[in-house]
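Chemist: Handing you a structure now.
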Amino acid sequence: MIRYFTAGESHGPALSAIIDGIPAGVAITKEDIDRELRRRQQGYGRGGRMKIEQDSAEVLSGIRFGKTIGSPIALVIRNRDWENWTDKMAQFSSNEETTEKISIPRPGHADLAGRLKYGFNDIRPVIDRSSARETAARVAAGSLARTFLRQLGIEIGSRVASIGSAEDTGSEGPLRSLLEHGAETLSEAADRSEVRMIGEAAGIEAMASIDRAKEQGDTLGGVIEIFITGVPVGLGSYVQHDRRLDSQLAAAVMAVQAIKGVEIGPAFDNARKPGSEVHDAFTLMKGEGVRRPTNRSGGLEGSMSSGEVIHIRAAMKPISSLQSPLQSFNLDTLEPVLSRFERSDTCAVPAAGVVIEAVVAPVIANALLEKLGGDHMDEIRERLERYREALRSAFTG
């Protein structure tokens with residue numbers, strides 16, 4: 001089973017991750033990790049922090065001569081901004097009493113609940129750990145599972161469907177065409193847009209919306225679509241709640257900062273339609289097995305993969321740090337005041353797509369390993385091919 005933990009604060013010396021359970025024999029390069037870190041830093045509407053950081057992972061263990069060795073993989077990503085925060089975020093110092101304390105919580109953030117929960121007299125520890133800066137470590141961790149899946153013919157990609165009121169509604173045809181070549185082909189096309197939209201006109205409208213929001217001291221959220229191609233039938237299970245693949249994917253997506261909604265396929269649209277217009281009919285294709293002319297189930301039936309493209313939609317709320325602050329109060333004096341502003345982005349929807357790609361990768365990898373078992377890449381590859389052949393054979397004759 002693949003599992004990982006992250007550590008580190010936004011303005012501390014570094015972020016780190018320990019990833020356990022990656023099988024031995026997975027060929028991986030440092031560029032496989034750093035490429036995803038660069039993708040996470042891109043996107044129209046990002047803040048000044050992205051001009052400071054140039055994220056790159058240091059691998060401390062678990063990889064030898066370009067291949068995983070089955071032991072835990074430890075990664076470190078240095079925070080270049082740390083040099084500006086050595087006093088405020090010092091691990092060992094006698095300056096605590098003279099360091100400025102933050103006592104005004106920002107609406108929409110973890111500030112208030114976090115300070116009350118952990119009994120701090122300063123909101124800074126909450127801000128620095130709850131920050132989306134932590135997702136850099138998750139992207140690095142997810143890149144390992146993603147590389148493992150890629151070498152088995154399973155690809156993960158995403159695109160931005162909307163930012164604010166700007167919707168990329170005319171890209172369904174190009175989307176299907178791109179997915180026929182694999183989900184990463186879709187991501188490559190999306191990455192050519194600063195807002196990761198497929199439609200050029202929608203992208204221009206989205207950037208204009210971000211510009212207006214920035215001028216007004218406001219922020220924007222949006223909707224991201226994630227696609228996973230090459231997943232065989234039968235990953236996940238219906239027999240216990242914690243083995244349901246849709247619930248595992250939803251949990252991973254909802255654990256990303258600022259994600260407030262998730263659906264598998266067009267779930268909320270399906271809820272408004274009769275069943276005859278929702279469920280995907282079967283077509284038996286000779287030599288290919290079962291196919292569906294539609295995929296309104298989002299590639300999951302009975303909480304298991306159906307063999308179609310897995311399709312997830314995620315809603316990201318607008319970023320909570322506003323240059324035009326909302327009403328708040330001082331926790332120390334209880335006096336009403338306007339909220340404070342912490343350096344942030346105007347819009348991080350494009351980057352959120354990259355993060356979600358990363359967090360769903362271990363979920364799919366674990367479902368695959370649960371089905372196939374195996375400790376070495378060659379063993380797993382052989383078992384997967386035998387399973388795929390068995391699926392093909394079930395519908396021949």
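Placed from the backbone N, Cα and C atoms, the Cβ positions cover glycine too.
If you look up Swiss-Prot, you'll see ARG40, ARG46 marked as NADP(+) binding site. Summarising the annotation, Swiss-Prot assigns FMN binding site to ARG129, SER130, SER131, GLN257, ALA258, GLY302, LYS317, PRO318, ILE319, SER320, SER321, ARG343.
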Chemist: How long is the line from the C-alpha of SER321 (FMN binding site) to the C-alpha of ARG46 (NADP(+) binding site), rounded to the nearest angstrom?
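Modeler: Per the Cα atoms, SER321 (FMN binding site) and ARG46 (NADP(+) binding site) stand 13 Å apart.
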Chemist: Would you work out the biggest C-alpha to C-alpha distance among ARG129, SER130, SER131, GLN257, ALA258, GLY302, LYS317, PRO318, ILE319, SER320, SER321, ARG343, the residues that bind FMN according to the record, and give it in angstrom as a whole number?
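Modeler: Taking every pair among ARG129, SER130, SER131, GLN257, ALA258, GLY302, LYS317, PRO318, ILE319, SER320, SER321, ARG343, the longest Cα gap is 44 Å.
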Chemist: Quick check on the binding-site residues: of ARG40, ARG46, ARG129, LYS317, whose CB has the lowest count of neighbouring CB atoms inside 10 Å?
Modeler: LYS317
Chemist: Compared by Cα position, which of the binding-site residues ARG129, SER131, LYS317, ILE319 is the closest one to ARG46 (NADP(+) binding site)?
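Modeler: Nearest in space to ARG46 (NADP(+) binding site), counting only the binding-site residues, is ILE319.
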Chemist: Is it possible to get the count of other C-beta atoms within 10 angstroms of the C-beta of ILE319 (FMN binding site)?
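Modeler: A 10 Å sphere around the Cβ of ILE319 (FMN binding site) contains 24 other Cβ atoms.
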Chemist: Over all shown protein chains, what is the count of other CB atoms within 10 A of the CB belonging to ALA258 (FMN binding site)?
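Modeler: Around the Cβ of ALA258 (FMN binding site), 20 other Cβ atoms lie within 10 Å.
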